[in-house]
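Written out below as structure tokens is the structure these notes cover.
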Amino acid sequence: MRIEEDLKLGFKDVLIRPKRSTLKSRSDVELERQFTFKHSGQTWSGVPIIAANMDTVGTFAMATALASFDILTAVHKHYSVEEWNAFAASASADVLKHVMVSTGTSDTDFEKTKQILIANPALNFLCIDVANGYSEHFVQFVSKAREAWPDKTIIAGNVVTGEMCEELILAGADIVKVGIGPGSVCTTRVKTGVGYPQLSAVIECADAAHGLGGQIISDGGCTMPGDVAKAFGGGADFVMLGGMLAGHEESGGTVVEENGEKFMLFYGMSSESAMNRHVGGVAQYRAAEGKTVKLPLRGPVENTARDVMGGLRSACTYVGASRLKELTKRTTFIRVQEQENRIFNSL
């Protein structure tokens, strides 16, 4: 046993210090980025925000809606091969280039993914997603996937430390997904005591990944557009959003009505709700590590997408970054004890 004395920070612990700027308008800020990925050699350009691979967020409808903003969607892994084929046949090439196929690490997952990618060669992203990316089996699966699909851009996660980020990139991942426990409907930290404050995880993993020519996704912990800006400021190449994109028309959650008001169910992928739906319940040897919440219906996701992108542009103008790529170079974080004046928050 040992204790690390270094302070670790989340998004709520900091603000971004403003700096002199020559930008005249938020409209001068370019949010689009271009990446060429280490192993696949693929090039992608767009706004590096990703809808999370949760079945109440990462739907085909969400992918179609967000593609118009050049935003990516990691489509959840519970669609069948037939559903994938039908979607790919009806979607435009522009939509498909903003879509990630998600998979677990079982033999069944591998065979299903193989069928999807063979039938739909226009799909270029593969997101290999498990709650705990520290297992030897997971690293072996990433290597197996890289060998099977050398020209696909592979995302692997989740981890929160530099050495594991490096191991996954060396095993064949182009992009590493960073975050254990920060999600709005994740209870891993309270059920297990395991986790890492998200901003510090992003800073550490970005340094490790960039040293090897890889990229990272900050996954979880964002509750508002300012948090998205902080994640990019900390060095994230992409930011994945779950709760911020839940509850919309495209989110796919079950709609319930209470006292004349409609709500949409949103749950973590390790919650009892998710396991009841997909694997027949919570196994006796494990605990649920997620919760279910009811969100007021929020309308089309385009309004939220515009809000997030507008907040990002504004953050860039405050520090003089004319492009999103420059934000991390222009970011100085200051530690704080308050984020906002909350006097009217209850009204």
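Keep in mind that glycine also has a Cβ here, set from the backbone N, Cα and C atoms.
What Swiss-Prot says about this one:
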- 108-131, 216-239: NADP(+) binding site (BINDING)
- Gly181, Gly183: K(+) binding site (BINDING)
- Cys186: active site, thioimidate intermediate (ACT_SITE)
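The sparsest Cβ neighbourhood within 10 Å, among the listed binding-site residues (Ile216, Cys222), is found at Cys222. Residues within less than 8 Å, Cβ to Cβ, of Gly181 (K(+) binding site) and separated from it by at least 6 positions along the same chain comprise Thr188, Arg189, Val194, Gly195, Tyr196, Gly220.
Counting neighbouring Cβ atoms within 10 Å of each of the binding-site residues (Leu126, Val228), the lowest count belongs to Val228. For Lys114 (NADP(+) binding site), the same-chain residues lying six or more positions away in sequence with a CB closer than 8 A to its CB are Ala148. Note: the Cα of Cys186 (active site, thioimidate intermediate) and the Cα of Cys222 (NADP(+) binding site) are spaced 13 Å from each other.
All protein chains shown were included, and the count of other CB atoms within 10 Å of the CB of Asn120 (NADP(+) binding site) stands at 18.
The DSSP secondary structure for Lys114 (NADP(+) binding site) is helix. Shown in sequence order, the list is empty: the chain has no residue 6+ apart in sequence with a C-beta less than 8 angstroms from the C-beta of Thr108 (NADP(+) binding site). For the pair formed by Cys222 (NADP(+) binding site) and Gly183 (K(+) binding site), distance between Cα atoms is given as 8 Å, rounded to the nearest Å.
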